[in-house]
Amino acid sequence: MHQLTIAGKAYRSRLLVGTGKYKDFAETRAAIDASGAEIVTVAIRRTNIGQDASQPNLLDAIPPSKFTILPNTAGCYTADDAVRTLRLARELLDGHPLCKLEVLGDPTNLFPNMPETLKAAETLVKEGFQVMVYCADDPIQCKMLEEIGCVAVMPLASLIGSGMGIVNPWNLRLIIDNAKVPIIVDAGVGTASDAAIAMELGCDGVLMNTAIAHAKDPILMASAMKKGVEAGREAFLAGRMARKYYSADPSSPTSGLIGS
């Protein structure tokens with residue numbers, strides 16, 4: 001299968017994972033290993049990656065030499081906060097430009113604030129960041145983010161942490177069909193079938209955290225998500241049969257029947 005390419009770098013895995021909500025860093029690493037993910041996103045405002053030398057450092061468990069670290073701006077509600085957070089992340093990661101931008105609008109549902117997201121994206125791209133951006137599943141705004149220069153656009157499947165799966169597949173198809181950068185579903189995936197559906201629609205990848213971390217067995221769920229993403233991608237490439245309503249088509253041959 002073709003590899004996922006983001007900002008000129010190719011990845012074998014199309015599953016991207018988060019690092020929050022696990023019981024400890026050991027479980028985090030075990031789940032990531034089971035998922036096969038190569039890109040791992042980290043909430044800079046909530047996770048220590050060197051800001052506090054007195055606390056355990058996530059990068060000791062998930063070294064940048066093995067994984068692509070994707071700092072994100074979870075918890076930011078303005079463009080200015082998001083930009084400041086990613087400037088700090090770039091310093092902590094020795095100039096690493098790849099980042100995940102998210103600017104939230106409502107703390108009760110974590111839906112993105114799109115005007116602030118667009119504003120932050122413009123600033124970050126001008127400053128040389130390679131921006132992967134969490135956004136609403138609005139085809140027009142997704143195209144605007146692409147045209148600003150974002151290296152990947154990441155529309156939500158449903159609300160962050162909801163586990164509701166793909167609630168608007170038609171918008172996702174519109175976004176995918178019009179895109180010239182990778183489209184990665186971000187947020188709302190609850191189980192492996194959700195991940196498979198996203199990939200069958202033609203998404204280039206899926207990012208998740210809660211679906212794995214809050215499973216009864218996170219390690220097993222991480223493995224299931226890996227398989228779901230792979231199966232969905234293969235099904236997309238294979239091309240599903242056409243739906244035929246009220247038009248029977250026997251799966252067994254109809255010619256050369258015995259006695260005919």
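Glycine is treated like the rest: Cβ placed from N, Cα and C.
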Per Swiss-Prot, ALA187, GLY188, ASN209, THR210 bind 1-deoxy-D-xylulose 5-phosphate; matching candidate in GLY149, GLY161, GLY239: GLY161
Secondary-structure category, per DSSP, in which GLY188 (1-deoxy-D-xylulose 5-phosphate binding site) falls: coil
Other C-beta atoms that fall within 10 angstroms of the C-beta of LYS100 (active site, schiff-base intermediate with DXP): 27
THR210 (1-deoxy-D-xylulose 5-phosphate binding site) and LYS100 (active site, schiff-base intermediate with DXP), distance between Cα atoms, whole Å: 17
Binding-site residues compared (GLY161, GLY188) - highest count of Cβ atoms within 10 Å: GLY188
Binding-site residues: ASN209, THR210 - member with fewest neighbouring CB atoms within 10 Å: THR210
1-deoxy-D-xylulose 5-phosphate site shell beyond GLY161, ALA187, GLY188, ASN209, THR210, criterion: Cβ within 8 Å of Cβ centroid: LEU159, ILE160, SER162, GLY163, VAL189, MET208, ALA211
